[in-house]
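Chemist: There's a structure below that I have some questions on.
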Ligand code: WT7
């Protein structure tokens, strides 16, 4: 997505912001001179270690890194106890805004008590260090409480986004071998009750999961089936548990969580993150990129805890930094399109972190909506999930930030655990559309296809040169796939899967994924995963899926399918297939359009040329199709798309 306006205009940080910034220019030099020493210093400064580490980085068996390996810590202690012990127990940790208008505040002391109760209850259910717990919850405080309770016990959580289907939940539970599931009866979305518990029942109904217990939070009060001996209400159990819990300390490399994300094949990858290095870089980016000022800031990251953004910048980052944060349950248009701005005004939010797709939606709704609210508490804005087009950047800066707030465009991935490329807001003049530079201590490059030369001005592939503290430690139970996906393309170098280019100032611009991964509203979806859901439908013989440019969501899922004999090409069938994908994977994966076609473009070796389908989906002249086995196929496809 490009626009014609001058893209090189920059915005220097306001002088007061620059003067008070936590991190100054010298950090770049220190991070580059000795990256291990730099991260050791950040870690000792920002993390409370129960036992200090003697070794910083163990890279003796690449690509399997260990950071701070002989240190011991408890991540939940770092998020809670230490703030209470420092006398900040009365500071608000979470201001929760429910969609129907209810709200709830939890101080650090109260949150510590809630997490302790949950940890005691999980212990009663048999959860121990090294176990896995699946969390399938809406955006309510219990989501964060559950994650921290697992961390407190040294058990890894696997949060499954509440918008994912029963099947997606089931396969993730099985892969992670979770013993316990924490869920809720339901949630509020767009003014309606949605349900979650039935999906858990369905996921467990085959009897092929290792789940022994299900804890159910009551959020909406709707009727749910409770299975005797397996299911218990949170309010009957956790609420009555002891609010005292002594944290044990675990190795720095103890698993903290597994989070499933889409790759280029149909099977989601369980990305594994561990404790000490992860917490170090999450805290450093809170300090350096979000310029966290825990005494005065009110932080609001609008992401769901089902995504990595909600792990690093809802559950862990703001709490480990001792900040007050806002959590909102629902959608931006309930009860009206001013909801986010009402929340900013009411809570005096200082730091807002959102996705470009949301910004573009607000642009469409019009600037008179935010204009009705007092947004002067804001001092810093963040963007994440996909490239932000300069036009949306400028709107965000002017309309939401009142022209006074720096914007940090943060590039990172589920795999990187925390920010990797983003401007330091008190140091760099920001540039609409560019994520600019790696943060201090991180080393990236943009290379050509061979990996041997820097890419030219037209761009190339983004790679990461050195290990970093919050890097993934692997793919759960699949070390070969870990090596193959990220470390096989170039030697000893991490291949991110993103295209990028550097401008004449050396600033980095992202160009989108170079693999078969799509980015819809900042959510990662794989073409292969949706294709396999489609071909699982009895009416479908073959399917190909592409991500086509979309003004609001960045990309939209467009499917091309060949139906089996006897099934007709009708809008009803196309609609049924859309719904089917929604049911198999989740509503976010539902194709925007399903085109029923008679052929798919294939090379002589049978590989589908998605590039050509993308041309059709984006209404462009079809590109070079000379390698097709049958070059007349594209005309047939274009004709049937024109009809549908
Ligand atoms: C992919 C990672 C990072 C948390 C949310 C998404 C794209 C992410 C940016 C950005 C350009 C971005 C990349 C990346 N992406 N942030 N600021 N500018 N592209 O995490 O689901 O793991 O997706 O999102 O393509 O590889 P994820």
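Just so you know, glycine gets a Cβ as well, placed from its N, Cα and C.
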Chemist: Can you pick which of 398, 489, 524 TrEMBL lists for the same ATP site as 385, 386, 387, 409, 410, 411, 412, 413, 414, 498, 513?
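Modeler: ATP site check in TrEMBL: besides 385, 386, 387, 409, 410, 411, 412, 413, 414, 498, 513, the record includes 524 out of 398, 489, 524.
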Chemist: Other than 535, 537, 540, which residues of the chain come within 8 Å of the Mg(2+) site, judged by Cβ distance to the Cβ centroid of those residues?
Modeler: 533, 534, 536, 538, 539, 541, 543, 561, 577, 580
Chemist: For residue 309 (CoA binding site), what is the secondary structure by DSSP, using just helix, strand and coil?
Modeler: helix
Chemist: Suppose we screen the binding-site residues 189, 192, 410, 521, 535 by Cβ distance to ligand 1 with a cut-off under 6 Å; which survive, in sequence order?
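Modeler: Only 410 meet the Cβ criterion.
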Chemist: Taking DSSP three-state, what's residue 535 (Mg(2+) binding site) in: helix, strand or coil?
Modeler: helix
Chemist: List nothing but the one residue from 535, 540 whose Cβ has the fewest other Cβ atoms within 10 Å; the candidates are the binding-site residues.
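Modeler: Counting other Cβ atoms within 10 Å of each of the binding-site residues 535, 540 gives the minimum at 535.
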Chemist: Calculate the distance in Å between the alpha carbons (Cα) of residue 309 (CoA binding site) and residue 607 (N6-acetyllysine), and round it to a whole number.
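Modeler: Answer for this pair: 34 Å between alpha carbons.
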Chemist: Measuring Cα to Cα, how far is residue 412 (ATP binding site) from residue 189 (CoA binding site) in Å?
Modeler: 28
Chemist: Which numbers of helix, strand and coil residues does DSSP report for the domain 'Acetyl-coenzyme A synthetase N-terminal' (25-79)?
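Modeler: Grouping H, G, I as helix and E, B as strand yields 25 helix, 12 strand, 18 coil.
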